[in-house]
Amino acid sequence: MVKLYSKFPDVQVLTTKGPIDFYKDIFGKGKWLFLFAHPADFTPVCTTEFVAFSQKYEEFKKLGVELVGLSVDSIYSHIQWLMDIEQRYGVKVPFPVIADPDKKLARMLDALDEASGQTIRIVVLASPDGIIRFVAQYPMEFGRNIDELLRITKAAIVNYKAKVVLPANWQPGQDVIVPPPAIFDEAEMRIKLPNAKAWYLLFKKYEELPPDQKV
């Protein structure tokens, strides 16, 4: 699987919204990339995921995040499937879907099941500098939790902007954690602070973050 903190591939792709150059059209505009691959068009689990992602599209957009789908199906298969989703479920898919029939991008992302020839159900989140900040892989048999992926995206953005870390089960608005010091004297001083549970665990109120570091 593609590695955390590695560079997202610098490639151009064909999508249902036209060609996309990741570094020009997304990262070059200061946006985050949330790429999710699905095994195949016209399949039950993937259909429910596309409906769910579409329903959360505006929330991702407000965060400055571009949702982009991916599979090895053809562009014509994608178009017909998106039409089918709109006709059957009343949901218009607002984000681009990459057609990767030659499997080039799928292989670059280690997102191809060579045995079946299908794309693996993965998620890749990359910051505006093109660095991959989150990667996850899911079984073919069940769908992703979009609310949890939205929470992870928000946590990644706060971490990236504010240089803080986030505790277990963190939700926007809750306390964040200041990274621990690597110098002994600073560690001794840290333990004396009111919000310090230990020298390595210092909480900070979310509202103390500057507005441009919040989500």
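Cβ from N, Cα, C; glycine included.
Counting only same-chain residues at least 6 apart in sequence, those with a Cβ under 8 Å from the Cβ of C46 (active site, cysteine sulfenic acid (-SOH) intermediate) are H38, P39, A40, S71, G143. C46 (active site, cysteine sulfenic acid (-SOH) intermediate) falls within a helix when secondary structure is assigned with DSSP. The active site, cysteine sulfenic acid (-SOH) intermediate feature in Swiss-Prot is assigned to C46; the stated evidence is sequence analysis.
Look at Swiss-Prot and you will find R121 tagged as substrate binding site. For R121 (substrate binding site), the Cβ neighbour count at a 10 Å cut-off comes to 24, with all displayed protein chains included.
What Swiss-Prot lists as domain 'Thioredoxin' is 2-158.
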Per-residue pLDDT averaged over the domain 'Thioredoxin' (2-158), given as an integer:
98
